[in-house]
C-alpha cells in the first residue's frame with residue numbers, strides 16, 4: 001500500500017501501475033469534503049515520491065464515482081470573506097494541478113455518476129474511460145454558483161467552448177454516448193470492463209503508443225479561439241443563456257463570463273479568474289437560498305426514507321375516479337412500475353383517464369424518454385374497470401372523485417367494504433378535512449390524505465395528510481408509495497387547506513385586496529412575475545379555475561373565520577357569478593385563445609373591467625413594493641402559523657412544500673428563508689406597516705418573540 005487514508009487509498013495493481021481509489025469510510029457516496037481534499041494532496045505526494053510508479057488509474061470503491069463537493073460545508077465556507085474563499089479554491093486547485101502535472105500518465109475510470117468536483121477530478125486526468133451506464137456533469141449552477149475546481153478552465157479546453165458552455169450553463173447530467181461524442185471521455189465500456197478498459201489505456205500510454213503529454217498540453221494553454229471567434233462564441237452564448245436563465249439566476253451567465261475572461265490565459269492564470277468569480281457568486285443571496293433548498297431537499301429525503309422501516313410494500317394500487325386527475329395518477333403509478341386499477345362508474349370517464357395516460361406516455365416516447373415497448377408495458381399496467389371485482393388484492397386505494405365531502409365519504413365507505421383489512425385508503429383532496437372524511441369509515445386508522453397537485457405528471461409534491469386516527473403504518477405506506485411514484489412527499493397534519501393551500505389562500509387574499517383597492521390585475525401579475533413567481537396571481541387563478549378558487553376560499557374562510565373571512569364581495573366572486581371560470585371555459589381575468597401548438601394563450605379582455613367594477617371599493621396609490629408586501633406578508637405569516645401549529649414539522653418541509661407545490665421562487669428559498677433574508681425583526685416591522693389591512697397581516701406572538709431574541713428559522 002503506497003497510501004492509506006479514510007477517503008483515499010493508493011495501491012499497486014501491476015508492473016508500476018497504481019490505483020488511486022476514492023472510498024470514503026462511513027458514507028454511501030464519495031464527496032470532496034475537507035478530509036478528502038487533504039488526503040488527495042497526501043496521496044499525490046506519495047505517488048510523486050515513489051519512483052516505481054509508471055501510471056495512475058483513478059477509481060471509486062462505491063457504486064458512484066464522486067458526487068461532488070460536500071454541500072453541507074458550503075454553508076460555513078460561504079460565510080467567509082471573499083478573499084478567503086478565493087484562497088481556499090486556489091489551494092484546492094493546487095492539489096488538482098499537482099495530480100495533473102504528475103510525470104506519469106493518468107486515467108480516470110468513471111462509474112455511476114461523476115458530478116461537480118467528481119468530474120473536475122476526471123478532467124485533471126489525461127484520459128477518461130466511462131461505464132456505458134454512467135453519467136457526468138457540472139450541476140453547480142443549480143446551487144447559484146459555477147464549477148470551482150477547474151471545470152470552467154479544463155472543460156472548454158477539452159471539448160471546445162460551445163460544448164462546455166452548454167454543459168456548464170445547463171448543469172445537466174450527460175450520458176456516456178454524449179460525453180464520448182464531444183470528447184469529454186476517450187472510451188465507453190460495459191461496467192464490468194471498466195478496470196480492464198482503464199488498464200488498456202494506461203498501458204498504451206506507458207508504452208508510448210499514446211502520447212499522454214501531448215494529450216495533456218491543450219488543458220495547460222489558452223483557448224484556441226481568435227478574437228472574432230471569441231466574440232461570436234461568448235456574446236451569442238451570454239445573450240441566449242441570459243434569456244433562458246432569467247435575471248434572478250446569475251450563475252450561468254457568470255460562468256460564461258469567466259470562461260471568456262480566462263480564454264487568453266494558460267491554466268494557472270485562468271484558475272485565478274475562476275476562483276474570483278466563484279467567490280463572488282458564493283456570497284450572493286441566490287447561492288444561499290439555492291444551497292438551502294438543496295439541503296432542505298436532502299432533509300426531506302431523509303425524513304421520507306425514515307418511513308421505509310414500517311411501510312407495507314405496495315404491489316397493487318387502485319384509483320377511484322378516472323378523468324384527467326385519475327388518468328394522471330394512474331399514469332404516474334404505472335410508468336414508475338406499480339400496476340394500478342382505474343375505476344369509475346362512467347365508461348366515458350374511464351376513456352378520458354386512459355386517453356390522458358396514453359397521451360402522457362406518447363409524449364415521453366416522442367421525446368425519446370421511453371421506448372414504445374415500455375409504453376405498452378405501462379399501458380398494460382393500467383386496468384380500467386367499472387366494478388370492484390379485482391379490488392381484493394389492492395394494497396392502496398387513491399380516491400380521486402369530485403371535491404365534495406358527502407360524495408367522498410360515500411365512495412370511501414363503499415370501497416372500504418371491498419378491500420382487505422390492511423389496505424390503505426388515501427383521499428386526494430385539496431381542502432376537505434381528513435378527520436371529517438374518516439368519520440364514514442370502520443377502519444379510520446387505515447385512512448390518510450394524499451394530495452396530488454395538478455398536473456400530476458409535472459408537479460413534484462405530494463402532501464400526505466395525517467388524520468387524528470391515521471396509523472403510522474398508513475402514513476409510512478403512503479409516503480413510500482408516493483416516493484415509488486417519483487414524487488416528493490411531505491407529511492402534514494390535518495387542517496383546512498393542509499399546508500400548501502392554507503398558505504396559498506392568504507396570498508390570494510392579498511391579491512383580492514389589491515384589486516378591490518383599484519390596482520390593475522395585469523400590473524400585479526407583472527410585478528409578482530418579476531419578483532420570481534412562474535405566473536402572476538390573476539393568471540394562476542385562471543389556470544387553477546375560478547370555481548376551484550371560489551370553493552377553496554369558502555372552505556378556508558369557514559376554517560379560519562377570524563382572518564380569512566371577508567364580508568365584502570371580491571374579484572373571485574364577481575368572475576364566478578359572471579361564469580368566467582378561467583382557462584377551462586376561455587374567460588377569467590384574461591381571455592384565452594388557442595396557439596399554434598393547441599395550448600391556451602392568455603390575452604387581455606377589456607370586458608372584464610366592467611365585471612370587476614362593482615368590487616373596486618377605493619382607488620389606492622400603491623408602489624410595486626407595496627404590491628409585493630400586500631401579497632407576500634400574509635403568505636409568509638400563514639407559513640409561520642403552520643409551523644407553530646404543528647401542521648408541518650420543520651421549516652425545511654414548509655419551505656420545500658411551497659417551492660414544489662406552488663412554484664415559490666427557488667432563488668428566494670421559501671417563505672421562511674425569505675423572512676430570514678429580510679431579518680425576522682425587520683419582517684415583523686414590515687408586517688406592522690400593513691396592520692390596517694386586517695388580521696392576515698398581524699405577526700404571531702411567537703414571531704415577535706423570535707424578533708426580540710434575534711432568532712432565525714434557519715441557522
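Using N, Cα and C of the backbone, Cβ positions are placed for all residues, glycine too.
Here is what Swiss-Prot records for this protein:
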ACT_SITE  451  active site, for 3-hydroxyacyl-CoA dehydrogenase activity
BINDING   297, 501, 660  substrate binding site
BINDING   325, 344, 401, 402, 403, 408, 430, 454  NAD(+) binding site
REGION    1-190  region 'Enoyl-CoA hydratase/isomerase'
REGION    312-715  region '3-hydroxyacyl-CoA dehydrogenase'
SITE      120  site 'Important for catalytic activity'
SITE      140  site 'Important for catalytic activity'
Let me know the largest Cα to Cα distance in Å among the NAD(+)-binding residues 325, 344, 401, 402, 403, 408, 430, 454, as an integer.
20
Determine, to the nearest whole angstrom, how far the Cα atom of residue 401 (NAD(+) binding site) is from the Cα atom of residue 660 (substrate binding site).
24
Max Cα distance spanning 297, 501, 660 (substrate binders), Å?
20
Mean per-residue pLDDT computed across the region 'Enoyl-CoA hydratase/isomerase' (1-190):
97
For residue 140 (site 'Important for catalytic activity'), which of the three DSSP-derived states applies: helix, strand, or coil?
helix
Any idea what the Cα distance is from residue 297 (substrate binding site) over to residue 120 (site 'Important for catalytic activity'), rounded to a whole Å?
24
Which whole-number value in Å describes the distance between the Cα atoms of residue 451 (active site, for 3-hydroxyacyl-CoA dehydrogenase activity) and residue 501 (substrate binding site)?
11
I want to verify one value. Collapsing DSSP to three states, which class is residue 120 (site 'Important for catalytic activity')?
helix
When the Cα-Cα distance from residue 430 (NAD(+) binding site) is computed for each of the recorded positions 140, 501, 660, which gives the smallest value?
501
